[in-house]
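Participant: Got these off TrEMBL a minute ago, pasting:
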BINDING   THR11, GLY12, SER13, ILE14, ASN39, ASN123, GLU125, GLY214  NADPH binding site
BINDING   LYS124, SER150, GLU151, SER185, HIS208, SER221, ASN226, LYS227, GLU230  1-deoxy-D-xylulose 5-phosphate binding site
BINDING   ASP149, GLU151, GLU230  Mn(2+) binding site
DOMAIN    5-131  domain '1-deoxy-D-xylulose 5-phosphate reductoisomerase N-terminal'
DOMAIN    145-238  domain '1-deoxy-D-xylulose 5-phosphate reductoisomerase C-terminal'
DOMAIN    270-390  domain 'DXP reductoisomerase C-terminal'
Amino acid sequence: MMHRVCLLGATGSIGASTLAVLREQPERFQLSAVTANSNVVQMQAICQEFQPAVAVMVDEAAAKQLQQALQGGPTEVLSGAQAVAEVAADSNSDTVMAAIVGGAGLVPTFAAVEAGKRVLLANKEALVMSGQLFIDAAAASGAQILPVDSEHNAIFQCLPAAVQQQLGHCDLVGAGVDKILLTGSGGPFRQLPLTELEQQTPAAACAHPNWDMGEKISVDSATMMNKGLEYIEARWLFNCNADQLQVVLHPQSVIHSMVSYTDGSVLAQMGQPDMRTPIAHCLSFPERSVSGVKPLDFLSLGELSFAAADSARYPCLELAMQACWQGQWATTTLNAANEIAVAAFLAGQIKFTEIARICAVALDRVAQQKQTAELNSVAAILSVDEQARAYATEQIKQVEQC
Ligand code: NAD
Ligand code: MG
């Protein structure tokens, strides 16, 4: 069967890896729609190569430029955030790769879920922000969620087929699962003296030892907020409780996560740290297909090591693990505050260690304002998200005035 793929976030790191996999298998996948924020040059090249029916730029001026550049071609150019959500739900595609970064991905990813698509989920923030609502929407529409995030993809691969078919509602105990072991490298600052964390620059934070990724997720990996968001993501995808979920540091990123069973068996998924593998897995599921990634060479791998994550080094991970069990308001707040803090860090406005502090303050403020009621609509989620962003922005202004 030929799949028609809508790629949200086409100009990003996951976007590029997805296009690389599609390039390997033109007979199996057709790129039907692409979206991006504002990168016209890259979008033009993508459209000229893949000839999708629709391309959306969120930025209006960028859309105009793209339209001029593609004049006479087969691609219709649209603009605005609303158009992104519309193409995500459009019947022209059966598969949607959700690879927008951050909270901006919530509405379009949700639209794809509500439209009952096969949703390849890279945009973890959408699930962190909406949790139960997201899972319920997928159950109601019949959307199939396939986890692209390498850890969740690894866990998914290590689970039995019956569990794979019930993502979000699965019974881990019934399947004989004892624990899900979420691995993380610890990022570029794993061995730095704690006193030196404060002076780390955006360039140093983005220099991940194993993975080549977008800026925001790279900073999240340095703080381990990324692992925290993934912890929350895993809780929803695999329907687990606190006893069934554990974070393990594994600096080499060879094992991408594991599932431990009650009989003592532990299944691990391994491979190169290259997102083309989980992307190809999701695109072709339940079959296998080529990704362009070379297999591991075990004879040249060297040692694999494991450790616990240190809470003094990674306060963001602690915050996320607590927020996970506090309620939807907490994870929505944390995600929003983190996004604002990371952007400020990347812009040179705050120090690396301020990110965790700003997130903690936003969580406290939202809790104090009693904005902790059930969030049972996207509108309610976006309202808490907006409030948390305002609290974080206030904090950044205060830091700048000091
Ligand atoms: P990136 O920054 O490289 O790309 C982001 C994409 O989103 C770009 O195409 C950009 O145009 C688009 N975008 C940005 N702001 C937007 C907005 N307001 N509205 C619409 N589109 C917007 O990010 P990335 O590293 O590719 O990450 C994308 C998502 O995948 C993130 O949620 C990240 O956590 C997740 N993820 C990434 C990796 C990785 O290796 N890069 C691994 C696992 C999960
Ligand atoms: Mg990951």
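For all residues, glycine too, the Cβ spot is worked out from N, Cα and C.
Automated prediction, rather than curation, is the source of TrEMBL annotations.
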Participant: Return one of helix, strand or coil for ASN123 (NADPH binding site), based on DSSP.
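Facilitator: The three-state answer is coil.
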Participant: Among HIS208, ASN226, GLU230, which binding-site residues lie by ligand 1, judged by Cβ under 6 Å to any atom?
Facilitator: none
Participant: Can you grab the distance from ASN123 (NADPH binding site) over to ASP149 (Mn(2+) binding site)? Cα atoms, rounded to a whole Å.
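Facilitator: Computed Cα spacing between ASN123 (NADPH binding site) and ASP149 (Mn(2+) binding site) is 8 Å.
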Participant: Per residue, counting other C-beta atoms within 10 angstroms of the C-beta, which of the binding-site residues GLU125, ASP149, GLU151, GLU230 reaches the highest number?
Facilitator: GLU125
Participant: Should ILE14 (NADPH binding site) be counted as helix, strand, or coil on the basis of DSSP?
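Facilitator: The three-state answer is helix.
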Participant: When you measure from each Cβ to the nearest atom of ligand 2, which of the binding-site residues ASN39, HIS208, GLY214 fall under 6 angstroms?
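Facilitator: What lies within reach of ligand 2, judged by Cβ under 6 Å, is none of the binding-site residues.
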Participant: Looking only at C-alpha atoms, tell me how far ILE14 (NADPH binding site) is from LYS124 (1-deoxy-D-xylulose 5-phosphate binding site), rounded to the nearest Å.
Facilitator: 12
Participant: Cα-Cα separation of THR11 (NADPH binding site) and LYS124 (1-deoxy-D-xylulose 5-phosphate binding site), in Å?
Facilitator: 18
Participant: Checking the binding-site residues GLY12, SER13, ASN39, ASP149, GLY214, which are within 10 Å of LYS124 (1-deoxy-D-xylulose 5-phosphate binding site) at the Cα level?
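Facilitator: Cα within 10 Å of LYS124 (1-deoxy-D-xylulose 5-phosphate binding site): ASP149.
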Participant: Counting Cβ neighbours within 10 Å across all chains shown, tell me which of the binding-site residues THR11, ASN39, ASN226 comes out on top.
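Facilitator: Checking each of THR11, ASN39, ASN226, the winner is ASN226.
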Participant: May I ask for the distance between GLY12 (NADPH binding site) and ASP149 (Mn(2+) binding site), taken between their Cα atoms and rounded to an integer number of Å?
Facilitator: 15
Participant: Within 8 Å of the centroid of the Cβ atoms of ASP149, GLU151, GLU230, which other residues of that chain place their own Cβ, given that this set defines the recorded Mn(2+) site?
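Facilitator: Other same-chain residues with Cβ inside the cutoff are LYS124, PRO147, SER150, HIS152, ASN153, LEU182, ASN226, LYS227, GLU233, ALA234, SER257.
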Participant: Nearest to GLU151 (1-deoxy-D-xylulose 5-phosphate binding site) by Cα distance: which of the binding-site residues SER13, ASN39, GLU125, GLY214 is it?
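Facilitator: Answer for the nearest of the binding-site residues: GLU125.
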Participant: Per 10 Å Cβ neighbour count, which of the binding-site residues GLY12, GLY214 ranks highest?
Facilitator: GLY12
